[in-house]
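The region 'Disordered' feature in TrEMBL is assigned to 1-23. Annotation source TrEMBL lists compositional bias 'Polar residues' at 1-10. Residues annotated as compositional bias 'Basic and acidic residues' in TrEMBL: 13-23. Annotation comment: TrEMBL describes 49-68, 74-107, 128-155, 167-187, 194-218, 282-305, 380-401, 413-434, 446-467, 479-501 as transmembrane segment.
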Amino acid sequence: MALFDKSSSGEAAPKELNDHVQKEPVQQDVEVGEIKEENKYAYDDSRKLGITGAVFLILNKMIGTGIFSTPSSIFAATGSVGVSLMLWVIGGFLTFCGLSVWLEFGLAIPRSGGEKNYLEHIYRHPKYLATCVLASQMILLGFSSGNSLAFGRYILYAAGNELKDSYRARGIGVACVTFSVLLHSVAPKWGIRLFNVLGIFKVAVLVFIVFSGFAALAGRRLVPDPHNFDNAFAIESGEGYGGGGAYAYSNALLNIVYSYKGWENANYVLSEIRDPRRTLTIAAPLAVGGVTILYVLANVAYFAAIPKSDLATSEVIVAGLFFRNVFGDSAGARSLPAFVALSNLGNVLAVSFAHARLNQELGKEGLLPLSRLWGSNKPFNSPAAALFLHWLVTIIVLLAPPPGPAYNFIVNLYTYPGAWINSFVAAGLIYLHFQTKEPWNPAWRTWLPVIVIFLLMNAFLAIVPFIPPADGDFWADGYPYYVFPVVGVGVLILGGIYWTLWTKFWPAVRGHKIVAERIVDDEGVEVIRYRKVKTRVA
């Protein structure tokens, strides 16, 4: 039975959300606030991504630090080898469910911005609220901190230095994200080329781990057989693993979601993809299917060579311990973690590329303070200012947590609010399938059970982190268990506060109203501009 159903009815034209629609060229006078400035926002076809580029864009976002780092927390939460492996399989299935939902929306509303466009289409009242909430989440929590931190720790591990979190590792992480942002700003074509090359490289590293795991299963390792597959589905408790209850399982799923995250990456930059219908329907399932197979086999490899207690307490450097147990502690073996660090760099490049484009879309629309700055392509015909905004948030989140288990906290903080957003997107798609007021006939239709599964999974991830751990250890990671869900929800609420100030308070004080205007360019692509329209004479 196929997971997806691709219809031939063509793209569904979304109902207008705006107050005005007009035809204008791509290069135009764009009013942000009450000031006009000419900005060129279009990219030529030489800069657009085809199937290969889209596959690597998704691969680079998906294969980052997650598969090389999070398996330790998955096993620590479950205490079972078999259950851990099943969770990775379930994670791949749920990713395909989410991918189908995003394909349906993306081909019906083919604009850059991802779920921003989908929420705007569904939740039109109160006007602009969904936009502000999502903007808050994307800007404040759309960082590359976890990947940058893992890059620093793997570099130090390869050099034979400390294994624990430290500000030395974070300093290297700062250099990593700074390099990525500068490259995308000054030489954007080379930025794309580099993450394409690193996409091939990181797949090669993961395949190398998989085949090394087969060798470990055959006895080719430098440590005794850990016997992890004996009675694999037994749930045990030991040093650093087991006994966490529903809270621990929700954390495990959040970490798996983080590891698979990136399947939606192409939807953020649809305006930079050639022939989105053909490109997405080929590239996205191909990338997600390949990654799912590699992830499951990589976990088998880890369990074949790393004892349970070592795995549960390894934090970020799971792949580093695997290389040491299989190849020893020679200089050549220590260089292998450096290859993992390079794959992390590819992930930082891909994340900064995609999130900066989303920041730029918000700026182009006039939604943010200093919108002209964030929406500009000056001075290198690249979103340099939007990249700087991504860099700034990444640096703050990277350096703010105290030394300790910061990686898991950053991962949970990055992933958690997305569960709320995904829940609302899935619920909205169910509504669109059953409502009769306007036609919804997309080029790709998702089966209702697939949408429901995706909705229930995200609702579980959104609610369960507020339930205390079963073992009663509220400070297991050095901070209260409820910190990341509270902060995540707080960021979403902050978006609501901004909406109140932007659409209610300041308009009442200054005598204007916010008007959304859709502009259709010469290529038929719709973009939104938010304008301030005077309602009274000052």
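Backbone N, Cα and C atoms are what each Cβ position is placed from, and that goes for glycine too.
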Other same-chain positions with a Cβ less than 8 Å from the transmembrane segment (282-305) and lying at least 6 residues past its termini are 4, 51-52, 54-55, 58-59, 62-63, 67, 71, 81, 84-85, 88-89, 91-92, 95-96, 99, 103, 203, 206-207, 209-210, 212-214, 216-217, 221, 223, 226, 228-229, 259-260, 263, 266, 311, 318-319, 322, 325-326
> Any chance the transmembrane segment (194-218) and the transmembrane segment (49-68) have 3 or more Cβ pairs under 8 A, given the pairs are 6 or more apart in sequence?
Replying inline: yes
Sequence-distant residues near the transmembrane segment (380-401) by C-beta distance (under 8 Å, 6 or more away from its ends) are 40, 139-145, 148-149, 167, 170, 173-174, 177-178, 181, 184-188, 352, 355-357, 359-360, 363, 373-374, 409-410, 413
If you count CB pairs under 8 A between the transmembrane segment (74-107) and each of 49-68, 128-155, 446-467, 479-501, the winner is 446-467
Review point. Per the definition of 3+ C-beta pairs under 8 A with sequence separation of 6 or more, do the transmembrane segment (446-467) and the transmembrane segment (479-501) touch?
Key: yes
Same-chain residues at least 6 beyond the ends of the transmembrane segment (49-68) with a Cβ under 8 Å from one of its Cβ atoms are 146-147, 149-151, 154, 192, 195-196, 198-200, 202-203, 206, 255, 258-263, 265-266, 269, 272-274, 278-280, 282-284, 286-288, 290-291, 294-295, 298, 316, 318-319, 340, 343-344, 346-351, 353-354, 407, 411
